Amino acid sequence: MTDVTLKALAAERQVSVDRLVQQFADAGIRKSADDSVSAQEKQTLLAHLNREAVSGPDKLTLQRKTRSTLNIPGTGGKSKSVQIEVRKKRIFVKRDPQEAERLAAEEQAQREAEEQARREAEEQAKREAQQKAEREAAEQAKREAAEKAKREAAEKDKVSNQQTDDMTKTAQAEKARRENEAAELKRKAEEEARRKLEEEARRVAEEARRMAEENKWTATPEPVEDTSDYHVTTSQHARQAEDENDREVEGGRGRGRNAKAARPAKKGKHAESKADREEARAAVRGGKGGKRKGSSLQQGFQKPAQAVNRDVVIGETITVGELANKMAVKGSQVIKAMMKLGAMATINQVIDQETAQLVAEEMGHKVILRRENELEEAVMSDRDTGAAAEPRAPVVTIMGHVDHGKTSLLDYIRSTKVASGEAGGITQHIGAYHVETDNGMITFLDTPGHAAFTSMRARGAQATDIVVLVVAADDGVMPQTIEAIQHAKAAGVPVVVAVNKIDKPEADPDRVKNELSQYGILPEEWGGESQFVHVSAKAGTGIDELLDAILLQAEVLELKAVRKGMASGAVIESFLDKGRGPVATVLVREGTLHKGDIVLCGFEYGRVRAMRNELGQEVLEAGPSIPVEILGLSGVPAAGDEVTVVRDEKKAREVALYRQGKFREVKLARQQKSKLENMFANMTEGEVHEVNIVLKADVQGSVEAISDSLLKLSTDEVKVKIIGSGVGGITETDATLAAASNAILVGFNVRADASARKVIESESLDLRYYSVIYNLIDEVKAAMSGMLSPELKQQIIGLAEVRDVFKSPKFGAIAGCMVTEGTIKRHNPIRVLRDNVVIYEGELESLRRFKDDVNEVRNGMECGIGVKNYNDVRVGDMIEVFEIIEIQRTIA
């Protein structure tokens with residue numbers, strides 16, 4: 001057998017390692033968990049375990065149960081039976097002979113030890129008794145000797161006492177005389193002290209009586225009903241008797257106190273202390289209790305006459321209750337002040353800094369605004385940015401209307417086929433690329449042109465230096481072209497106009513110039529500042545001139561940036577990759593971004609684990625105006641967030657968490673307030689249909705664009721509600737949320753995973769996949785149109801003129817009519833018109849032609865018409881027959 005480790009042996013025997021180590025120790029072998037065990041040691045352990053198993057005691061267990069019933073007498077003469085079960089258990093152990101011999105030897109040794117101890121105790125007691133007897137005999141001899149000496153001394157004293165008796169009698173007489181004189185002096189001193197104490201007590205009593213009289217007249221008079229104490233009955237005679245009894249008791253107390261004060265004081269110090277106590281009591285009570293009845297309780301604290309103005313420190317958000325505590329006023333007063341200012345709030349509602357400042361200043365306090373982002377400012381300022389600025393490449397954003405050729409133009413510049421990769425041939429993300437030309441490097445941002453991507457275009461305009469406005473020569477200025485011009489003007493960015501599709505026969509560049517001039521984009525030949533370049537992305541004409549125009553504009557701008565030091569930039573786009581996690585496309589503005597840097601990006605932070613350029617190649621660093629994809633963030637940042645490299649990851653995490661908390665607080669503080677204009681909307685809120693949507697997309701910008709577009713579809717009757725949105729595939733959580741809220745699951749360029757598909761199948765959820773935003777918006781419009789209540793329209797189908805009126809015993813007045821227009825149908829709603837004024841609206845009850853009931857009468861025929869519940873039909877009236885049709889409404 002080969003050696004094995006103790007841990008493996010424990011696993012083989014299915015026992016714990018500690019127990020196996022203990023068994024080896026019991027067998028006399030010291031082992032640890034990692035030691036090896038030989039075959040000999042295994043045999044030793046096995047023999048030890050067998051000995052233990054053989055030598056183990058045999059046990060015999062006897063159990064016995066007895067059951068009985070006990071009758072317990074209860075209330076009402078009824079008895080209750082209780083079942084009692086007694087269980088007994090005895091265990092007999094059969095020991096082996098060796099153990100029995102060992103126990104017998106131990107018992108024998110114990111008995112011998114007890115016998116030896118008993119004998120030693122008896123001998124010790126005998127010795128102690130003998131010693132005690134000897135001590136008592138010695139003491140008896142001493143006592144006898146002392147008594148003998150005492151008798152001899154008494155006989156000698158008897159003789160001497162007779163000689164001194166005469167001298168003692170004379171001394172005692174002298175001593176008695178001195179004691180009598182001292183007693184007389186002491187008695188006189190006590191009488192003088194008592195007389196002084198009595199005079200002092202009378203003076204104090206007189207003073208107390210006088211003060212009681214003054215308080216009686218100066219105290220606030222109380223009502224007659226309240227002068228008496230508590231009564232135990234409501235009878236008037238009984239209450240009077242109680243009052244009389246109270247007065248007698250009070251008078252007796254007063255007399256008792258006065259008598260005590262007038263009694264002679266006892267002798268010594270006790271008399272003085274007693275007199276002092278009586279004097280103090282008399283001063284407090286004031287005679288017969290007059291002062292107690294006349295006094296009234298008064299509050300010692302005086303309320304300040306004027307309000308106290310405080311310095312109130314207010315953060316970015318604060319609750320109404322906290323603001324009230326800082327101003328040392330009640331919360332209701334703060335709420336009243338807010339209502340006077342036109343804002344309604346509860347005591348636990350969070351208000352923003354501006355509102356709190358207005359309320360505090362309205363209540364007369366001085367406000368100190370506190371900045372809570374000191375840590376954030378410290379982290380952002382602790383950066384290396386002291387290097388000299390160097391020229392950098394321009395960042396160019398290509399903007400324009402959808403399908404005007406923006407991506408195709410950039411595609412020709414980069415000599416790649418990017419447009420074919422976009423769904424439907426339209427751009428739905430910001431594409432960031434940098435291109436090396438003969439005259440230098442240019443960074444391009446390609447933005448979507450669809451109407452839904454307004455915020456994405458606005459971000460592109462803010463992050464750029466130059467805007468290239470692409471306008472199709474055959475199409476002219478379109479809505480998104482105007483919007484791109486507005487974004488460029490808002491960002492203060494120069495515009496270079498690229499008139500595309502110049503190779504088409506219907507191209508009209510002059511028309512483009514005229515239309516753009518209406519929006520403030522004037523060509524240089526007209527005295528403006530914008531360069532116009534005629535290009536064709538398909539044929540490649542004018543591309544070099546466009547690049548030269550861009551570089552010329554960049555030279556005029558003198559673009560510079562710090563190349564060394566810690567980088568900063570902006571998030572162009574972000575998405576969640578299933579294999580790589582959160583990925584952000586970052587455009588570096590200044591500094592150099594290195595792999596391994598700690599970045600703070602909006603609400604997220606992290607260390608750059610990897611960087612890739614637009615071609616998917618790994619790079620180690622990125623300088624100014626270079627777009628890169630970075631991995632390693634804690635979450636998906638929002639597009640447009642600032643990216644900053646910081647020194648400390650712990651501080652970056654604190655700042656990110658602080659930003660998340662403040663964003664939530666500010667969002668709660670700025671929620672919809674209860675204003676008058678919202679009350680009517682809230683009243684009709686229950687009548688509004690809702691289309692709930694859970695939206696997942698591949699990138700953050702698409703989520704933003706689709707959410708904005710869908711929310712704009714809402715009407716007064718049907719509202720779109722985005723229950724949840726995010727970046728990445730559809731997960732089980734999204735499916736559960738959609739099932740709970742009865743929502744439609746929408747995936748834009750993403751798919752559901754296996755667990756989500758199971759939930760979708762089991763719950764029969766509506767799951768839609770899209771890759772083009774047009775289709776998504778159209779289908780949501782169709783779903784909303786199905787929720788609209790149909791429109792009811794009245795369509796006139798016939799008109800009849802009353803020529804004569806007949807009387808019928810069954811129907812009343814019957815109008816003999818001639819059908820002048822359309823068809824008259826039975827049981828249709830009608831109107832009776834007199835002089836083109838509606839005088840009755842009801843139902844056509846009877847329609848006859850030649851005494852036969854018919855269902856309809858056509859134009860040019862005569863008929864008899866009976867109007868239900870109406871008899872005032874006259875000759876010359878017009879009867880108008882109509883029907884109500886439903887028209888399905890659609891979302892515009």
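Glycine is no exception: its Cβ is also placed from the backbone N, Cα and C atoms.
Residues or ranges marked as GTP binding site by Swiss-Prot on the basis of sequence analysis: 400-407, 446-450, 500-503. Here Swiss-Prot flags 93-159, 166-216, 270-282 as compositional bias 'Basic and acidic residues'. Under the heading compositional bias 'Basic residues', Swiss-Prot lists 254-269. Feature annotation from Swiss-Prot assigns domain 'tr-type G' to 391-560. According to Swiss-Prot, the feature region 'Disordered' maps to 93-304. Residues or ranges marked as region 'G1' by Swiss-Prot: 400-407. According to Swiss-Prot, the region 'G2' annotation covers 425-429. Look at Swiss-Prot and you will find 446-449 tagged as region 'G3', backed by similarity to another entry. Look at Swiss-Prot and you will find 500-503 tagged as region 'G4'.
Ranked by how many other Cβ atoms sit within 10 Å of their Cβ, the binding-site residues GLY400, ASP403, LYS406 place ASP403 at the bottom. Applying DSSP to the region 'G1' (400-407) sorts its residues as follows: 2 helix, 1 strand, 5 coil. The average pLDDT computed over the region 'G3' (446-449) stands at 58. Of all Cβ atoms in the shown protein chains, 22 besides its own fall within 10 Å of the Cβ of ILE502 (GTP binding site). The secondary structure of ILE502 (GTP binding site), as reduced to three states from DSSP, is coil rather than helix or strand.
For the compositional bias 'Basic and acidic residues' (93-159), the DSSP counts in helix, strand and coil order read 63 helix, 2 strand, 2 coil.
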